[in-house]
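Structure record follows, encoded as C-alpha cells.
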C-alpha cells in the first residue's frame, strides 16, 4: 500500500504529459464568411499554437474560387518560399498589392490592398510541420465575400456656402446625407467631427447600434442640450448647436462608416467615408470696461466716489454682472485681489456697511466708499461680465473684461509730537538701580483713534570708527502687548528689569541691580498707531529720543589670601592646623567661600591629576566635604570661620598618606539682584607642606623608627604564563618586607589587580579585582565568558585566578598593594602604594578542538547529500522513461498530400 501511494504523483505527471502531447498543433483563422467591400483593403489574420520546434513559424496562403468546377486551391504567397506564388498572382504580389505582415513568431496577416470581385472565395492558411509527431490541424480555411460599394455620403444643399460667419452666442445647424444600397444587411455609424488645428476630435455620433455617443470635450454640452444630433427624413443627419462659443470656430466634417455583423455575432467595420461640411467663424463679443477717473487722492475720513462704465457691440437680450476689486499692488492677479462689492445679472448687490454700489443705467455702476482710511490706499478694478439666455433657461457667459486699475491715495493726518528721555536714577556703583523715563511732549492731531507705544534700545559704547550696534530690549505692540528682546528676556522674567507705563504719555524702564554689562547708551522710540475700520491698528510714525549714557567709575577687584601653619613641628598621628587670612579691595560688602585642596603624589589613584578637594565652606558658612573618602576619619577634617576674613582648617590623626601641599582657594562674592550673590574674584593662597620625614626635634626612639621603618616590596609569580583557551591561570602577588620586623597582626594590605592588553605597555590599565584589608573582594564587570577570583593564601601572598581564559585575557598583569601598619599607639597608618613588575600572560588557540566540530558537520552533510543523490538517481531510472521520436524533425518542409501517403 505504501509503494502505491508513493507512485501516485509520478503516474499523475505522466498522464498530464500524455494529455498535453495529444493536443497537437492548432491553426486558426477568423470565422467566415468575411463580408468586404470592393476596392477596400482586406486583412485576414492567421496564427498557430501548441507546436514544437523553432519559435518562429512559416505560413502559406492559397485561394480557391467557389464558382470554379474543380475548386482547386491556387498558391498565393508564402513567408519562406519565394517561388511559392503562382503565375496568376505573381504581378499582384510583386506590386505589393498582396502582402504578408508578420505580427509575431506565430502570427501573420494576409493583406489585400484593393480587393476585387474575383477575389471572392475560400482562403486557406497552412503551416509547414516542425513537430516530432504529426498531430492536430496544419491548415484552416475562411470564406471571403466581396460586395459592391453602395455607401453614399454627401453635403446637404440647404446652404450653398461652406463658410459660416457667426457671432458668439448664435445658434447654427449643419447637415449631411448618408445612405447605402448594399446587398448585405449593414448599419451606418454617423459621426460629426471638429478640427481647430491638426487633429479631428469627435463632437457627437449616432452609432451602428443606434446609440448617441458624445466626444470627451462635448459631454457636458450634450447633457445640457447645447449640442444635438437628429436623424431626419431623406437620410439627413443634422448637428445642432444652440450657443456658439469662440472655441467652436474651425472646420466640421461628417464621417460615416458601414458595419456588418459577422458569423461570431460581432460587428465589423467594412468601409468608411467622410465629407467636409463647413468652416465656422465665431466673432467674439466686443466688451470694453473703464473707470471714469484715473488717479484719485482723498483725505482720510472723506468718501471715495468711482464710476464703472462698459460698452459692447452685442444686441438682443443680455444681462451684465459687475464686480469691484481692490489690491495693494498693481501686479496682483484677480485671485489675489479683494472683492469689495458685486452686482449680479439680476442687479442684486452684495451687502456692506461702509461701501455701497448703485446701478445708474444699463452700462454704468457707481461705487461709494465712506470714511476712508489709509488702508484704503491702493488699486481699484472694475470687472464686467455679459450673460445671454439659453434655450433650456440657463445663462451662458459670452464676454468678460477687467478695467485698467485706478490708483487711490488716502492722505493720512499724521500726529506731531516730540520724545524726551530722562534718567531719574543713575548708578554710582555696580548693583545700584537705574531708572529711565521716556515722555511724549507737544503732541498734536492725536484724536481718540491714535495710540502710542514705546520700544527700548541699548547701544554699546564704541569708538568713533566702529559700527554702532543697537539691541532691542523690549517693544510694545499696538494692543500694548510687551515683547521682550533676547538681551533682557531672562532678567525681565526674574524681575531684575521692569517695563512700565505710569501715565498716558510716560513710559518707564527700571533696572533693579545694574551690572557691568549694562554700561552703555539707552534710547526710546515712540510709535503712533491709527485705528482702522475693522478695529485693526496700523503704524503711522516713529520718533526716537536722544540717547542717555549710563556709566560710572570702576576699579578692578583685588583679593589676597595668606595661609599660615600654626604648628610648625608635628608627627604622624598628630593634628595638622593652618589658617587662611583674606583681604580684598574695591568689593562692596564682600563675603568669602573657602576650599581646602591638597596636592599629593601622582601615583594616588583617587586623584589622577594629583590635586584633591578636601572640604569647603560657602559664603553662607555651610560646610561640605568634597573628595574626603576616608571612612575611618569621616570627622577627621574641620573647616571653620574664625573671623569675617579668617578661616581655620584642622586635620586630626594625620597619616603618612596625608603628605603633600595644602592651599586655600578663596572666592569673593558681592550682593547681586534679588538677594542672590554674584561671584566677584578668586584667590589662591601660598602652599603649606606636610612632610613627615622633616619633622623637627623627634625623640631618639622615634628617630630610630623613622630611619629604620619597614620597606615593602611586591612581586608577581606564576607557574604557567602560556595557556590555551579555556584553561586556568594562577597569578600570585607576593609581599616582602625589609627593615623593621612587624608582627603580621600589625599589618594589613589593600591589593588590586590590573591588566594591560598589550606587550608594549602602551595602553591604559584595566581594573580586574581588589581585596581590601577587611577581606572584601570587588570585581569589575566582564564582557567575555572568562571569570576571575581573588583570595588571600597567606598573610603576605594573594592569588588571582583567571578561569576559562580567552583572547581578551592576553597581556601584562600586575598588582598594586597599599600597606597599613599599626603604630605603637594603636593607630593604623597608611603607607605608600607599591606596584609590582608586570608579568605577560599569553593565550593560544587549540587548533584540533577548534576544527573538530566543523569537520564532523561537513562529513555528515556530505554523506547525507551523497545518499540523497543515489536515491534520486534510482527513482529516475525506475519510473521515468524517454520519449521516443516517431518522425525526424523537418524544418521548412511542406506536408505531403494524403494520396502520396
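Note that Cβ sites are derived from N, Cα and C of the backbone, with glycine treated the same way.
TrEMBL labels come from automatic prediction, so no person has curated them.
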Remark   = Among 853-874, 875-896, TrEMBL marks as transmembrane the stretch 853-874
Note = Reduced to three DSSP states, the domain 'Ig-like' (9-126) has 26 helix, 45 strand, 47 coil
Query = Can you find at least 3 Cβ pairs under 8 Å between the domain 'Ig-like' (415-536) and the domain 'Ig-like' (284-385), where each pair is 6 or more residues apart in sequence?
reply = yes
Ask   = When the domain 'Ig-like' (710-835) is classified with DSSP, how many of its residues are helical, how many are strand and how many are coil?
value = 6 helix, 71 strand, 49 coil
Ask   = By DSSP, what is the split of the domain 'Ig-like' (284-385) into helix, strand and coil residues?
value = 3 helix, 56 strand, 43 coil
